[in-house]
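Over in Swiss-Prot, the protein carries these features:
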{"type": "ACT_SITE", "residues": "K196", "note": "active site"}
{"type": "BINDING", "residues": "D39, G40, E41, R98, Q99", "note": "ATP binding site"}
{"type": "BINDING", "residues": "H132", "note": "Mg(2+) 1 binding site"}
{"type": "BINDING", "residues": "D173", "note": "Mg(2+) 2 binding site"}
{"type": "BINDING", "residues": "R198, D224, D228, T229, A230, G231, T232", "note": "D-ribose 5-phosphate binding site"}
Amino acid sequence: MSYSDLKLFALSSNKELAEKVASAMGIQLGKSTVRQFSDGEIQVNIEESIRGHHVFILQSTSSPVNDNLMEILIMVDALKRASAEKISVVMPYYGYARQDRKARSREPITSKLVANMLEVAGVDRLLTVDLHAAQIQGFFDIPVDHLMGAPLIADYFDRHGLVGEDVVVVSPDHGGVTRARKLAQFLQTPIAIIDKRRSVDKMNTSEVMNIIGNVSGKKCILIDDMIDTAGTICHAADALAEAGATAVYASCTHPVLSGPALDNIQRSAIEKLIVLDTIYLPKERLIDKIEQISIADLVAEAIIRIHEKRPLSPLFEMGN
């Protein structure tokens, strides 16, 4: 299919996903280059005309977070100066989403700052997947299309027979109950909740306090929006195994997997971790316990629907 007035550009963070999205749409990626000067300054060059086009930029603000964010801002500036008709940013993983409120005195709300920066740069629309906090949509005065990874994850477990009353979907904390309930609805399973307390002094650490729900003799599926150092999800998995779960699977949309994450996962009770490709994982980080499924078709369909001014609501259903 040809979209003569649409362009899709990839920046540095997830070119592999961008290529899959372009292939699903039947188009070629736009031609551009990104380079850094010796002092770290970023320069972007657009190597084809985009005058009058609706331009989509695909870039996750994963590690290195600040470089990837600056690439977007610089690219948007270049596109505006080159007379793009409309600029939409496809940010599968929205970095700084964990800083969505003041948890303590004198803290910034960096998620809002990032929203301000994108708008001031000239972004007309944002397409993202599973924000850490859904209220971040309200930080923007431009349209925000918030896709969900749960239908894709549900499709995977459905294909592997992990459905029904013998399976329990588990939220690793109270904040993820809505996400767990959605997956449980797709799979027609009960849910359970891990009651945990996060350390106020140490980042990325938490202690399992209690399991709310029956997991004994059940296959458990943990679901979270992101896994960073994997401490929380692995502690939860081990607690479920100790409580009598016959098997523990885990899933997340965003595989940040920083620091000791891979070692933690390897040593944990998790049998298989299912992740999406919102963040690029090189082959050496795809250990045997990790299986990655692609959001390319979902993102491609969303881009097409946005461009053609059609609703995105059908994309929130299992099997689409």
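Cβ coordinates come from backbone N, Cα and C, glycine included.
Cα separation, the residue listed as 'active site' to D228 (D-ribose 5-phosphate binding site), rounded: 17 Å.
With respect to their backbone Cα atoms, D173 (Mg(2+) 2 binding site) and D224 (D-ribose 5-phosphate binding site) stand 9 Å from each other. The Cβ of A230 (D-ribose 5-phosphate binding site) has 29 neighbouring Cβ atoms from other residues within 10 Å, across all protein chains displayed. G231 (D-ribose 5-phosphate binding site) sits 34 Å from E41 (ATP binding site), taking the C-alpha atoms as the reference points.
Here the binding-site residues are D39, E41, D224, and the one with the most other Cβ atoms within 10 Å of its Cβ is D224. The Cα atom of Q99 (ATP binding site) lies nearest to that of H132, taking the binding-site residues H132, D224, D228 as the candidates. With D224 (D-ribose 5-phosphate binding site) as the anchor, the candidate binding-site residues are G40, E41, R98, H132, and the one with the nearest CA is H132. Of the candidate binding-site residues, H132, D228, T229, A230, T232, the one lying closest to R98 (ATP binding site) when CA atoms are compared is H132. Checked against D228 (D-ribose 5-phosphate binding site), the binding-site residues D39, G40, E41, H132 differ in C-alpha distance, with H132 being the nearest. When the Cα atoms are compared, H132 (Mg(2+) 1 binding site) and A230 (D-ribose 5-phosphate binding site) turn out to be 16 Å apart. In this structure the C-alpha atoms belonging to T232 (D-ribose 5-phosphate binding site) and D39 (ATP binding site) are separated by 37 Å.
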